[in-house]
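Taken straight from Swiss-Prot:
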BINDING   HIS15, ASP166, ALA167, LYS168, LYS232, PHE233, ASP241, ARG247, LYS248, ALA264, LYS268  ATP binding site
BINDING   ASP17  Mg(2+) binding site
BINDING   GLU43  K(+) binding site
BINDING   GLU56, GLN99, ASP241, LYS272  L-methionine binding site
REGION    99-109  region 'Flexible loop'
Amino acid sequence: MSSYLFTSESVSEGHPDKVADQISDAVLDAILVQDPRARVACETMVKTGVAIIAGEITTSAWVDLEALTRKVIVDIGYNSSDVGFDGATCGVLNLIGKQSPDINQGVDRKKAEEQGAGDQGLMFGYATNETDSYMPAAIHISHRLVEQQAKIRKKSNSLLPWLRPDAKAQITLRYEDGVASAIDAVVLSTQHDPGIKQKDLVEAVREEILKPVLPSKWLHKGTKFHINPTGKFVIGGPVGDCGLTGRKIIVDTYGGSARHGGGAFSGKDPSKVDRSASYAVRYVAKNVVAAGLADRCEVQVSYAIGVAEPISISVTTFGTGKIPDDKIEKLICQHFDLRPYGIIKMLDLIHPIYQPSASYGHFGRKPRELAYTNSNGERVVATAFSWEKIDKAEVLRADAKLE
């Protein structure tokens, strides 16, 4: 019997890098409400007392970036100098420019379906049947822990009123013969008000954050718990660390369980294949696993700037496939249009649906409807996390001729 440990981590919406991601995606969403054809590449940096918005945006929309940035910061919970950062009083510096016309000529086409990729690059999508979300268990649990921290923190009459926005979680799982069998270690660090005793903090975090989330079937006497192991975490958020858009790409994806092409997501409109193609191959891999064609599936796709058709598509199922990997690849090519325009149409991506994905993972989330009013005053209902649907599973299984 082979036995090994595997670890993944997540960070809360108050982590400085995630603050930056949420601002970048809030800018993208605000622009898409007014201008679906906008080209957006928005980067954010946050540090003590300041948020810097930079990047390249080509749009007919007008957005009050300063007010929007402040709102995101305050909504996260940085609303007072007492916590070290206040969205109402921090400086906001706007360094936005326009997208290069050299890129535009490679992306824009007379026929929409001929739209070229916004850049070269390689992207990976992954799915596994070890959780109901088709995500690796360690990253799934880590996300739920920091999500629970925020839920408890934001409750009116919270039982843990001393919680602050910045937090991190980490889960180490033991695998036996490739199957998750136990939680070996749990790490959770949460920012807090001064004055809370370590003993009281540890007990409260165990009861209100860990206990409701951790699967009891995987806990055992030997499970190690490290709760605020430094003993003090008062200084956090953008005061403790500089935050940058796109610096949590493993947290955003599969927690290290799958490969990563290197491109970040937040602040990028769907013409950027770093984002849209990564969503598409997650959609592909998840439907392959949901169809029962494999227990695990990783799909790689690559592009050349200005070229519509993918340069390559490859599939690996790590020996868990019920049919050969090359046959799964052929099924993918038959049922999924992985050209940039095809992806945008297939997943209905030109809507303001992105800010919710900027914290707690872009994958493994339940699709949900979001309503907004467009620039014509029309009410529009869009689907966030559309790439998490498994609506292709049935046809894939039928075409694979599995019983």
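Glycine is treated like the rest: Cβ placed from N, Cα and C.
Between the farthest pair of Cα atoms in the ATP binding residues (HIS15, ASP166, ALA167, LYS168, LYS232, PHE233, ASP241, ARG247, LYS248, ALA264, LYS268), the distance is 36 Å. Ranking the binding-site residues ASP17, GLU56, LYS272 by Cα distance from ASP241 (ATP binding site) puts ASP17 first.
Under the three-state DSSP scheme, LYS232 (ATP binding site) falls in the coil class.
Using a 10 Å Cβ-Cβ cutoff, LYS248 (ATP binding site) registers 25 neighbours. Neighbours of the residue listed as 'Mg(2+) binding site' among the binding-site residues GLU56, LYS232, LYS248, defined as a Cα within 10 Å of its Cα, are LYS248. For the pair formed by HIS15 (ATP binding site) and the residue listed as 'K(+) binding site', distance between Cα atoms is given as 16 Å, rounded to the nearest Å. A C-beta separation below 8 Å, combined with a sequence spacing of at least six in one chain, links LYS232 (ATP binding site) to GLN198.
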